[in-house]
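*Asks:* Questions regarding the structure given below will be posed in turn.
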Amino acid sequence: MTIQAVVFDWAGTTVDYGSRAPIIAFQRAFARFGIGLSEATIRTDVGLDKIKHVEKILKQPVNWQQWQTQHPEVNLEAAVELVYAQFQTEVAQVIGETAILKPGMKALINYLNQHHLQIATTSGYTESMVAQNLKMTARQGYQPEINITSEQTDLIGRPQAAMLNLAMKKMHIDDPQTVIKIGDTVNDILEGKNAHTISVGVVEGSNVIGLSAAEFDELSELQRQEYCRTARKTFEDAGADFTVDTMADLIPLIDQLNMPTHETAPLLLTPGPLTTSESVKQTMMVDHGTWDDDYKQVTWGRGNTEYRVE
């Protein structure tokens with residue numbers, strides 16, 4: 001297998017640690033109409049097209065009841081349009097503050113360029129929102145040439161594969177198994193699986209964890225490990241082929257996937273970063289049939305020893 005391209009999400013994946021921009025913009029937009037939203041309510045469906053996300057939030061009984069109480073003359077369709085228009089205004093302000101490359105991105109960009117891998121993006125953002133992100137990230141060395149939104153796919157967004165399929169078409173790639181789709185939401189994982197690409201979830205700074213860099217750093221080591229463990233499980237339950245802790249960890253994963261089949265070593269994803277150490281792999285791949293450490297010491301290394309009974 002040879003990886004030909006990586007398709008990225010935006011907020012929470014390549015920029016905007018913790019995917020803060022959509023959350024802040026949704027909260028402000030709904031607040032303008034007298035509806036308060038928790039982060040958890042919003043984060044459940046992050047990754048959807050934003051107008052569909054607005055509609056889904058409004059359709060929740062508790063939110064729709066609030067809307068009808070405060071705006072009884074406005075039906076659902078009109079309500080969606082009003083809130084979505086306000087969201088666009090709010091997010092335009094927030095993106096300018098949050099479109100900062102996540103840790104590991106610069107190293108990953110350099111690697112992809114050096115190895116001539118194509119770069120594309122899909123997003124729940126609109127084209128104007130993506131353009132605003134691009135303006136900010138270009139100054140930081142990140143300029144993906146192919147950027148797909150649902151405006152280019154008849155408004156078919158995630159978790160369907162339409163945007164990702166269009167990205168592959170524009171890159172002239174026929175085999176989806178040579179493409180990595182990486183994102184920070186369940187909808188990203190589902191998009192990758194539906195397009196039959198290699199679907200990867202990035203853990204730190206993701207929407208699934210939902211903490212800013214400062215908030216994450218303030219946690220104890222045990223708390224950080226628990227947050228990351230929960231995020232990995234969320235991605236795995238959604239069908240992710242792999243998870244990586246940081247964007248830089250995608251580099252050894254690509255190297256591993258590019259190894260000839262007959263040389264490919266077991267790829268083990270530990271509770272920490274992506275593991276490629278041969279000694280660690282060897283240890284973890286041995287099954288002694290017991291938890292007894294004394295027994296393990298006796299049997300370690302004897303797997304290939306021949307015994308003859310006479």
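Just so it is clear, glycine is given a Cβ too, placed from its N, Cα and C backbone atoms.
TrEMBL annotations: computationally assigned, not manually curated.
Since this is a predicted model, take the numbers as computed values, not measurements.
Annotations for this protein, taken from TrEMBL, read as follows:
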- Asp9: active site, nucleophile (ACT_SITE)
- Asp9, Ala11, Asp184: Mg(2+) binding site (BINDING)
- Lys50: active site, schiff-base intermediate with substrate (ACT_SITE)
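Can you tell me where each of these features sits in the structure?
*Replies:* Within the same chain, residues at least 6 positions away in sequence whose Cβ sits under 8 Å from that of Asp9 (active site, nucleophile) are Gly47, Thr121, Thr122, Ser123, Ile182, Gly183, Asp184, Thr185, Asp188.
Following the DSSP three-state reduction, the secondary structure of Asp9 (active site, nucleophile) is coil.
Lys50 (active site, schiff-base intermediate with substrate) falls within a helix when secondary structure is assigned with DSSP. Counting only same-chain residues at least 6 apart in sequence, those with a Cβ under 8 Å from the Cβ of Lys50 (active site, schiff-base intermediate with substrate) are Pro22, Tyr84, Phe87, Gln88, Val91, Gly124, Tyr125, Thr126, Met129.
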*Asks:* For Mg(2+), what surrounds Asp9, Ala11, Asp184 with a Cβ no more than 8 Å from their Cβ centroid?
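*Replies:* Those within range, site residues removed, are Phe8, Trp10, Gly12, Thr13, Thr14, Asp16, Ser19, Val46, Gly47, Gly183, Thr185, Asp188, Ser206, Asn207.
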*Asks:* Near Ala11 (Mg(2+) binding site), how many other Cβ atoms are within 10 Å of its Cβ?
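*Replies:* Other Cβ atoms found within 10 Å: 32.
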